[in-house]
Amino acid sequence: MEVDEEGKRKMPRVAKVKNKMPAPVQITAEQLLREAKERELELVPPPPKQKISDPDELQDYKRRKRKMFEDNIRKNRTVMTNWIKYAQWEESQKEILRARSVFERGLDVDHRNVTIWLKYAEMEMRARQINHARNIWDRAVTILPRANQFWYKYTYMEEMLGNIAGGRQVFERWMEWEPEEQAWHSYINFELRYKELDRARMIYERYILYTYKIILLLSARRIYERAVEFFGEDNMDERLIVAFAKFEEGQREHDRARVIYKYALDHLPKDSCPEIYKAYTIHEKKFGSRAAIEDVIVSKRRFQYEEEVKTNPLNYDAWFDYLRLLESDGEVEQVRDTYERAIANIPPSKEKRHWRRYIYLWINYALYEELEAEDVDKTRDVYKACLDIIPHKIFTFAKIWLLFAQFEIRQKNLQGARKVLGTAVGKCPKNKLYRGYIELELQLREFERCRILYEKFLEFGSENCTTWMKYAELETILGDIDRAEAIYELAINQPKLDMPEVLWKAYIDFQIEQEEYDKTRALYRRLLERTHHVKVWISFAHFEKSIETEDRLENTRKVYSDANKALKKAGEKEERLMLLESWQEFEADQGDSSSQSRVGKLMPQKVKKRRKVQTEDGSDAGWEEYYDYIFPDEEAAQPNLKLLAIAKKWKQTQEEQEEDEEGQEEEERTEAGKGEEGRRSPGEEKEGQDNNETGDFDDRDDSISSTSSESSSSDEG
């Protein structure tokens, strides 16, 4: 890296590619892979063999290997191969105790894995730890008695050790589990190898009795099957089904018992199966998996929902829950059949509030056919059938029409979507339908169609201010300013509007954006001819203030002055106060001291008054206090205001004089007390203190009486 004269490093210059045209010969990814294969670039040479000649080096090697194995186990704890490799490596290092620890940790993770038990026992046998191996085999056959491989290995080990009695004992333990035929033959051959003919003969007899027992069980099963066939589905008793299933459960044929329960629940009437449901639930909780238990619970819930919808077919909430349960199973035909049953329950009345929940059955049905069943034709039929049922002359549901049109759009059928929406606005026009149709055409950039739709929309509802504003906004976006202005003019001249203030504000904002300030002033004047609301005047003043002209301050003051006169004439005191406060803020920001004082003189005085309160029947309910505002130009009309002001001023003067007199008296008492302190006896001092206290009390009474007299005089004034 280069270094300049000051010792700072210079960054190397990056070469710029001048010719960015593609090369005449392009190299593909396939060619790169082929060349890599030919050159064998991915073949990594084997790592060099490491020769350890030092105890410290050996300990370091063991530490690294153990860390590698522990990391692998930490990443994939449930992969038993990692545990087995770890234990085998410890065995190769003659670390038997460590190997045992690894195997035990692996068994804590998955004790039902057959391979790890086999590897563990084989390691102990290789290490000639016979008792440890026996212990492992005992644990294995206790936990997994149906794994025949454990029994074969266990008996083979005992026989190789010459422990014939121990091997015979293992075989006896095995036979208690009634294994398959090959296990019996292995036991017989074991006895024959050691010339124990009587024992072999006894084992044969036990095997024959076991086979006979199986035959009896098969006969009992045939009897149950014949009973089920004899009674049939019409005359079946649930006690027979429960007994048959419990028989199979006693023979540890849990799959057979499960099939019997399911057959009964699918073919017998639902009201005759409570005991079967109960027994099936108990069986699955004992011997079934989590999925099987959930299946039983779902079957029970399905039975409950069936009872609910049979009791009250118009309970649409029960239908929703039932259909949601069936959709989770994924059986399409069953879900369709249930939807058909649900939508057949049409509300009896023609009131829209009774149809709101019912319509969502159709919506869910159509969405299920489109998204889950992926049947386009069936979805279209569902929408059409729904639209045929709704009494459009009384009411309609815009959601159905819009969902149908959106479905056609997803199927790339634009003409079909337009046909659906055109039928909707022609048969049952609604604001939501028009807005949805216009939104569709806007997304397609069909602006002429949007104009036609807006015209139809305004013919349908000319009082909707939002429609007028959206139409004008569209024309503004398209750059047709004259057309937008004409739309606003038509809108404000309508005899009836739902939100006229919003429309006027939008028109004024439109003219301000176009910088048509004269037209904006004219609009404000036209609006003020219709209303004298204070917010309109304040907005007008803010508009004049925002224009960057030389006479903007004079124009703003003129607007405030006109507004003050108009509100004074209208007698709106609170609105007039709001206007003056806004005017005062304007003068504080833009005006001088003279203009501020002029506005300050116009501010009213806040006065508390009382008035009688009357109830609805005309009787008196007492008095209430309220605040009123007295403006300076109203004081001439109310002469009592001057009298009140004079009385208030006189009261303040009296209070100041009393305070001065009290201060002088207090000073005189203090000076007199200092002069008589040396000549006064204790008794006289006490008497003087008492006199002072009474004197103070008398003064306090005088002050209270004077205050009360002043307040009474002020009330009279």
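Each residue, glycine too, has its Cβ placed from N, Cα and C.
Between the stretches 1-22, 89-110, 265-286, 529-550, TrEMBL puts its region 'Disordered' entry on 1-22. Long-range contacts of the region 'Disordered' (589-617) within its own chain (CB-CB distance under 8 A, at least 6 residues past either end) are made by residues 545, 553, 556-557, 564, 573, 576-577, 580, 583, 623-632. Here the domain 'Pre-mRNA-splicing factor Syf1-like N-terminal HAT-repeats' (68-209) has a mean pLDDT of 90 out of 100.
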